[in-house]
Each structure stands twice: as C-alpha cells, then as structure tokens.
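What Swiss-Prot records for this protein:
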BINDING   166-173, 191-195, 213-216, 283-286, 314-316  GTP binding site
BINDING   S173, T193  Mg(2+) binding site
COMPBIAS  129-143  compositional bias 'Polar residues'
COMPBIAS  364-386  compositional bias 'Acidic residues'
DOMAIN    1-159  domain 'Obg'
DOMAIN    160-333  domain 'OBG-type G'
REGION    127-148  region 'Disordered'
REGION    364-392  region 'Disordered'
Amino acid sequence: MKFVDEATILVVAGDGGNGCVSFRREKYIPKGGPDGGDGGDGGDVWLEADENLNTLIDYRFEKSFRAERGQNGQSRDCTGKRGKDVTVKVPVGTRVIDQGTGETMGDMTKHGQRLMVAKGGWHGLGNTRFKSSVNRTPRQKTMGTPGDKRDLQLELMLLADVGMLGMPNAGKSTFIRAVSAAKPKVADYPFTTLVPSLGVVRMDNEKSFVVADIPGLIEGAAEGAGLGIRFLKHLERCRVLLHLIDIEPIDGSDPVENARIIVGELEKYSEKLASKPRWLVFNKIDLMDKAEAEAKAKAIAEALGWEDKFYLISAASQQGVKELCWDVMTFIIENPIVHVEEEQKPEKVEFMWDDYHRQQLEEAEVEVEDDEDWDDDWDEDDEEGVEFIYKR
C-alpha cells in the first residue's frame, strides 16, 4: 500500500434542530395550550486512533465528513431526534491541525484515543418553553445553532523509539533488515529509500524497541532538496537517533563532510530534533581490516569534535550489531518516557438549560414585559396575532 503521511479533510458537524410552534388541539379541550417540542442537537465529528491503520491514503479521495442534523421539534411536546455522530479513524501517531487557525488540536498517540474536532449545534426551543402567567399562548421559538465547520490538516508521525539518520547509501535499510523482520529494499548500487519503514527489534521475550528508517538526507535538505526533509518529522517522537556514517563511501566522498552535512541540516530543520540524544555509528567496517577501521573511525570522530562513545558495525555481516542493539535497549530502559499529564479543568456541562437557551428565555420574558399592548384575551383563532421571531 502506498505510504501517505499528510492529508487535508473537511469536517462539518450537524446543525441543531429548530423548535416547534404548536398548540394542543383536541376535542372537548378548548384551551389546550402550547405543546411545541424542542429540536434535537446536531451530531459531532470525532477522530479515533486505530492501530490497524498505517497510512492516510484513504483521505486522499474521501475528503469531506458531515455529521447528521438534529431533527426539528414536533407537536405534542415531541423533542427532535439528536443527529448521529461521525467517527473518522486515523492511524496512531496522527497530529491534527486546524488549518484556519494553525492550532494543533491534538496528537493521536494511543489506540482507541478519541478527539472531538467539530461540535454539533445546539437545539432550538419550542414554544412550550416560553409559556408563563402573562403569555399563555406563546408563538416564540428559537432556531438551532449551526454546527462547527473546520478544514483539518492530518500529519502522520511514526511512533518509534530509535530513528536512523544518514546520507543515502549509508546502510540504514541494511541495518534495519539485519535487526528486525522489516524488509526495505537494499542493493549494491547507489539509490535512496523512498518511504519510511518501521522495524521491531526483539532482544528477548520481554524486551524490544521500534526503529524507524527514513530516506537519506542530502545537502540543502532544509531548503527542500531531496526527500529526507519531508520525513524528518517522523523522528520527532524518537528517543535516540543513530547517525550512521559510511566509513568507506562508494562515491569517494569525505565521511567527515557527510556527517557535518547531516548535523547542519538537522539544526536547520528543528532545534528540538537536533538536541535529541544522537549516537555515532560507523558502518561497513567489513570493507577493511579491523585496525584500519578503528583508526579511520577515530580520526573522523576527532575531526567532528566527537568526545562520546562511538560504534563500529557492519550491517551486512552483522559485526557489532548485537552490542549496539543491547546498548540501545539499556538506554531506553534507563530513560523511560515521562508522560506529563496536564491538569485538565472540568469541562462545563451544558445540557438543555445552557447559557444559550437561558439567554433566549430571558430575552423572551423582557419582550413580554415591555409589550404595552398585550391583550390577555387573545384568541387562538384571531388572525391578527403576532408571532415573535428571534435572530441569533
């Protein structure tokens, strides 16, 4: 299946149903009074994270999602039916951005997590709500409010513990094939990975971590050159970055300069990403003897000003790979993710008598009190009756 990590969709919540103006008309009951019911609330639009999805390709074609409108109120005090909600399923790791405001509405990081992205409109009130001792036959009603409407930008960010960095042909795909069951394309000629891939590295029955392979970076990537910059966002949730350096580049380029390009592009893209823990890993040491590889790796590290530990591996022959993976596993165990739970303020519970409806009733009472020409002997059959219309 084609990998798609960005999509734009339109979500429209349902409008609230209108209130009803109706009077009880029954045999032998000459003054039945008002019996107009309220409308129904509009349906909401929700996003739900689903671990069975791994791409946003479904939303390249289906771009509009609309919830159902609430039904209008009816006579005999019948309340309109609430509109049905719409649930849009997205892959785990999807970030939701409101295109109108640029606000990040939420990150879908757990399976089953739900996020309301469009709230349905409030129901309108029927004329039964406006009856009083001085207004026995009210002809007022309120209209339902419109539902929310938003253009959303969906951005899929892969959830991985370890991210791979490096130039094209540094051996990232070969490494992920060596340590996991993932099978990205590899070959003995220059080319680059086109889409990100994930691999699960199982150290034993209880310990494992996820590694992400993204297309290689090239010089000028921060300005849009190549593919890598587009997929760098997938590394934002990684806990450690493995910077693979080809110790003997096939094109004869300088490994030191290649490493500096990667670090420079990383800093241009995001200071937060550049500040993540980064490990230096020299690959393809099987192309020379051990002493030569160690001497060359040490010289490159010194040229880069690298003072921490570095690793020598061969992803093709798996030399040093197991030691590296165990060190990564130990780092992940010793540095667990700290979930900072924000103090959530209690949500305002708004039922039938929310602020909107209360305001409508208060305005109606003011209109009745200010009406100097009120006729308490008004008859339902009077054709000259006045109907009140309220605008939101």
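From the backbone N, Cα and C atoms, a Cβ is placed for every residue, glycine too.
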Using a 10 Å cut-off, grab the number of neighbouring Cβ atoms around the Cβ of N169 (GTP binding site), all chains included.
22
Determine, to the nearest whole angstrom, how far the Cα atom of G166 (GTP binding site) is from the Cα atom of S173 (Mg(2+) binding site).
11
Average the per-residue pLDDT over the domain 'Obg' (1-159) and send me the rounded value.
87
Residues near S314 (GTP binding site) in space but at least six apart in sequence (CB under 8 A)
N283, K284, I285, D286, G320, V321
Treating G and I as helix alongside H, and B as strand alongside E, what does DSSP give for the region 'Disordered' (127-148) in helix, strand and coil?
4 helix, 0 strand, 18 coil
Quick one: among the binding-site residues K172, K284, which has the most Cβ atoms sitting within 10 Å of its own Cβ?
K172
Reduced DSSP assignment, S173 (Mg(2+) binding site):
helix
According to DSSP, which of helix, strand or coil covers K284 (GTP binding site)?
coil
